[in-house]
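Input: a single structure, listed below in structure tokens.
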Amino acid sequence: MQNIRNYVIIAHIDHGKSTLADRMLELTKTVEARKMQAQYLDGMDLERERGITIKMTPVRMIYKYHAQSPNPKHQILNKSQISNSKSETTDSEQEFVLNLIDTPGHSDFGYEVSRALNAVEGAILLVDATQGVQAQTLYNFEMAKRAKLKIIGAVNKVDMATPEQIQDSKRDVAELIASDPSEIFECSGKTGQGVPELLEAVVEQVPPPHRHPERSEGSRDSSPAAQNDISRGLVFDSQYDEHKGIIAFIRVFSGSFSLNKNYYLVATGAEAKTKDIGYLRPGFTTSSEIKMGEIGYVATGIKDPDALNIGDTLTDIKPSSVEDPKQLALPGYREPKPVLYVSFYPENSEDYDDFKKALSKLRLSDSALIFEPDSSEVLGRGFKAGFLGRLHLDIVVERIKREFHIPVVSSFPSVAYKVKLGKYIKGDTEEKDLEPAGDGMFWVKNPKELPSDPAEIFEPMTRVEILTPTQYLGAVLSLSELYRMMDMETNPLVGSSDKMLVTAKVPLADLISDFDDKLKSVSQGYASLNYELIAYERANVDKLEILVAESVVPGLTRILPKADLEREGRRTVEKLKELLPKQQFPQALQASWRGKIIARETLAAFKKELGNFGKNGGDRTRKMKLWKKQARGKERLKERGVQSNIQIPQNVFKELLKK
């Protein structure tokens, strides 16, 4: 264990984590040069296309460390200690196992970072030298600090930055992690500059693995979990294989895991009969066992996706044989909480069961995805799913299309409201069908569930932190004219002379619209944000319904501030008139509030193409006669009850969310 180092790379999005990981793979000869490609650890096509990391990826590297100062106790040395000891000893080579986890940088995937932090002892906090510290940098640092990891500061892309930018970024990072600027590493993931020194720092500064600190030293705990020979591993990720079942990625905190043995999941009690076991280098490499302190994979043979939860503990003790199975569980994992909800319905009702299986398999590699059955009179059976943000939603929708080839129809994104029921009105969702939220309130996660006359409505509020260059401060503050930004404060970023930190309280419903896009627009891409849920507060909101051809379209129903209902209703029907394809018949587009029509537009019917009648000197009356004949035919169809069935294209929802 003394020659193992487990660490992560954490940074704001697009600060070069994956490119730096590529250079580490090359330097340790983990991947042959001829097989190397950009963003090697980003395995999904979506990641390469978007240029971002979506899934955290573990990899095992063998690093030959040339130590001039052997450190047999593997103490964490500062730079002066290392310098003093180098003159006392001769060069020697030691082999170290480096388990790296490359993590996402977007705020929607913060849960991926939190899981990775529970499996390691150290973190490289990476900052783009051309951009400096960003909002997600601060958030990731706080998470690593809470996890009590050894944090190594580094500035990346030094080949593209000016000397002034490099020094400013080093000073900002040093200020953040309470270090000296001289101890912040300079590197370039593109050229490889500074990467050997960074790997040496991982060996010298990150401590070797330890047992999980759920027991204090010296305590006399006779529980099974306290015994060193008990095998326990934290499941920090998983994926599904048609032949091997669920493949769990684990960090072993005690004991070891071997091939052809039975293990158990503490939370569900499911039994795993190991089909394969080994390390990720970065592909699956079979081994006879995974030892304490190591990171690897276990093919469990379990085919039921619901049998494994990310954050569960894999152990060789049967949970039912222990008086309190919770004693076996490894602590420290925090369940992700969805912030927005969307209802999905398969276009073909026969795809319902396949759609359910697809969501279950997706959840194995995306623990933040939650879903439950839902139904609509118009769209049939489907599922209501929870997500961590707009990007998370977009990624899941795209994966459903690409990996499972199931066309789906979705509703507007909505947040979860708490509602105190008032007088029941016929047609409302009944109390027995609503999920209790405590204190006599109920959850409303789909706008169509909002009662017609609720006593009180409470909406989720967030604390938003926006980091912006001083020159864009005025433009950032002007966003309060479009969004409900309250209790705004501006302060200089500590240690920086040209950045301001803006904090504000913003309703989550405003944040999930197009807040991030607008922020990037007004700051020319230089401002960044991070947010956290803080509380539920009373809200003056109501339900806006959209009718097409006099029928309510459930997917377009939204909950909005009452002051915005009429304006937003008018804007929505005008936008729908532009975006929806024309039909056989004219269609009424209406916005309704509590049964009252507050805005209306008409989607004109399309006309048959009649060639070049009326051109080149032809008689236009012939064209008019044919159009009238077409109109009479449509009237006859209408009398027979033949109507157009409008499908709402997916891009319409994105366009309607824009302010």
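Start at 1 and count along the chain as shown; that gives each residue its number.
Note: Cβ is positioned from N, Cα and C throughout, glycine not excepted.
In TrEMBL, annotation is done automatically, which means it is predicted and not curated.
TrEMBL has this to say about the protein:
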DOMAIN    2-210  domain 'Tr-type G'
BINDING   Asp14, His15, Gly16, Lys17, Ser18, Thr19, Asn156, Lys157, Val158, Asp159  GTP binding site
REGION    207-227  region 'Disordered'
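Mapped onto three states, the DSSP output places Asn156 (GTP binding site) in strand. Its Cβ placed at the centre, Val158 (GTP binding site) has 25 other Cβ atoms within 10 Å. Taking every pair among Asp14, His15, Gly16, Lys17, Ser18, Thr19, Asn156, Lys157, Val158, Asp159, the residues listed as contacting GTP, the largest Cα to Cα separation comes to 17 Å. Secondary structure at Ser18 (GTP binding site), as computed by DSSP, is helix. Contacts of Gly16 (GTP binding site) defined by a Cβ separation under 8 A and a same-chain sequence distance of 6+ are given as Leu126, Asp128, Asn156, Lys157, Gly189, Lys190, in order along the sequence. Note on the binding-site residues Ser18, Asn156: the fewest other CB atoms within 10 A surround the CB of Ser18.
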